[in-house]
Amino acid sequence: AVAWEAGKPLSMEEVEVAPPQAMEVRDKILYTALCHTDVYFWEANGQTPVFPRILGHEAGGIVESDGEGVTELVPGDHVLPVFTGECKECAHCMSEESNLCDLLRINVDRGVMIDDGQSRFTIDGKPIFHFLGTSTFSEYTVIHVGCVAKIDPEAPLDKVCLLSC
């Protein structure tokens, strides 16, 4: 579901989703939910609008493929995307007092992947921007590995998807 403009109806589109690059995973989203945050940024209330983009950040799915350097997740793992990730190397990630990662902290205006500044979504060659590093209103999405939490495969994805927010 692509948001082409602020406040306009989302449009169901065929989107090309590029393979994951280094330290990224491509996930097949099986369940997603709508949060008021998605609506707020779709309406572009009080912020710089970034469009077109694929919204969504509450979801559950499975890892479809891994990029180079990803060792903690393998295809088939059940996962939840999280918009405040952990690089596991910066001072905040190493601290017991904070999880506000220097690299993967929330950034609502970024719209592209961290490592190369490019989108993994296109329609007819035109880039479609990411949202909160997760973009779960897509059947497939590419996410930095630090923004993906592996969960027990017995957990019901249709229910635990809400925990990813």
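Yeah, the Cβs are placed from backbone N, Cα and C, and that goes for glycine too.
Copied from TrEMBL, the annotated features are:
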- 24-151: domain 'Alcohol dehydrogenase-like N-terminal' (DOMAIN)
Taking all residues of the domain 'Alcohol dehydrogenase-like N-terminal' (24-151) together, what is their mean pLDDT?
93
Three-state composition of the domain 'Alcohol dehydrogenase-like N-terminal' (24-151), taking helix and strand from DSSP:
15 helix, 39 strand, 74 coil
